[in-house]
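Structure first, then comments.
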Amino acid sequence: MKWKLFYFFTLLTFTPAYFFIEQNQWVILASFLVIVNLISLTVHWKFGLLLISCSAALLAYCQLMPEFQLAKLMKANWLRTPFISWLDQHTSGVFNQYLKLFLINETTKNTLYQSAIQLNIVHLFVISGFHLSFLFGVMERWLYKRFYINKITGFVMLLLYLFLVGFAFSALRVFVSKLLRQMFPKQLPENNLGLTALLIILMSPGALHNFGFNFSFLACFVLFAINKVKLWKPLQAVLTSTLILIVVSPITLHLNRKLNALSVFHNLLFTPIALFYFCASWLLLPLIPWMGNSLVGFYWPLPWLSQWALNTTVFLNLPKPNWVFYLVYYGLWGLLYTVGTVFYYDRSLWCRYWVNSPAVKPTAQPSRL
């Protein structure tokens, strides 16, 4: 069991690093990593040695190359730049903004995006792992399966979409995770997610203080936890949305400085709407050269719905948490998830201490004659 969840435990070690880097708490970050590494040495020297190496690499990357981010380097590439030029040539105004938001993750000067931030549902209106997982799942299920044509086509489409969205971290997570799953089919999902995160961090340490990166991985941990319990589908959807919003609420509060009290309701309401417009926006592309901005009416429900949600919701104005709260909050969640995961994958673990404990021989009862 010690090595079964190796990458998962390694990822949990670095989760709080996001908050320390965000607030430039370098001394605290270094102290935290030293303490964790010393504890890991008591588990196994190889495990501790690798964690120490990862810690040193993390600090060196963040200090020497703070501006190195994969997403920034890939914003202008052979596919994304011509596509943006084509959209700018045939569309303009609000229609242009909606297409860029739903198709290529472009969020600048977009009122719908700003409304989604205030409603704490911004993850639904940008290209995320949710959308790409849906795309890959459709191809894997419905395309021709012989000679792995469905999987090869799915990976090609994911790679093209990565270039199109500028290698957004949430999209990169899906590509790396799916690739690792094909290479190591017996790997535990927690290990797959942990290794995916560590590989992305090595490619771009700036991911540690990127909202999309942290939201994507924290949401996946919640999904893994909920999927281990058999529940009624509607109840599972509500519970999943609730837990995700609870787990990511400190990050949302850090970004927005207020929380939407009706986040769960809005999340359930806008999820099918966002998925519909994600698919429909691609279907509109062939019509754009002939119809142009006249297609903007297709999106008219979105500003109306977002404005209605803003007018009817209740916002909780809370103070911005400090690093102590982040450490305690995510430390407790990490501990709870770790204990639950170990128990789920190795239920006999808790019994071993009882089995290996010193045997107590029952005292002979005096015979009664």
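Positions of Cβ are set from backbone N, Cα and C atoms, glycine also.
Since this is a predicted model, take the numbers as computed values, not measurements.
Listed in Swiss-Prot:
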type     : residues : note
TRANSMEM : 25-45    : transmembrane segment
TRANSMEM : 47-67    : transmembrane segment
TRANSMEM : 119-139  : transmembrane segment
TRANSMEM : 152-172  : transmembrane segment
TRANSMEM : 206-226  : transmembrane segment
TRANSMEM : 235-255  : transmembrane segment
TRANSMEM : 268-288  : transmembrane segment
TRANSMEM : 295-315  : transmembrane segment
TRANSMEM : 323-343  : transmembrane segment
Inset, instruction - Run the contact check on the transmembrane segment (268-288) against the transmembrane segment (119-139): 3 or more C-beta pairs under 8 Å, excluding pairs closer than 6 in sequence. - result: yes
Legend entry - Result, the transmembrane segment (206-226) in contact with the transmembrane segment (119-139) (3+ CB pairs under 8 Å): yes
Legend entry - Beyond the flanks of the transmembrane segment (235-255) by 6 or more, those residues with Cβ under 8 Å of it: 22, 117, 120, 211, 214-215, 218-219, 221-223, 225-226, 263-264, 267-268, 318, 320-321, 325-326, 329-330, 333
Legend entry - Long-range environment of the transmembrane segment (152-172) - Cβ separation under 8 angstroms, sequence gap at least 6: 70-71, 73-75, 77-80, 83, 103-105, 123, 126-129, 132, 135-136, 139-140, 143, 178-179, 200, 204, 207, 210, 212-213, 215-216
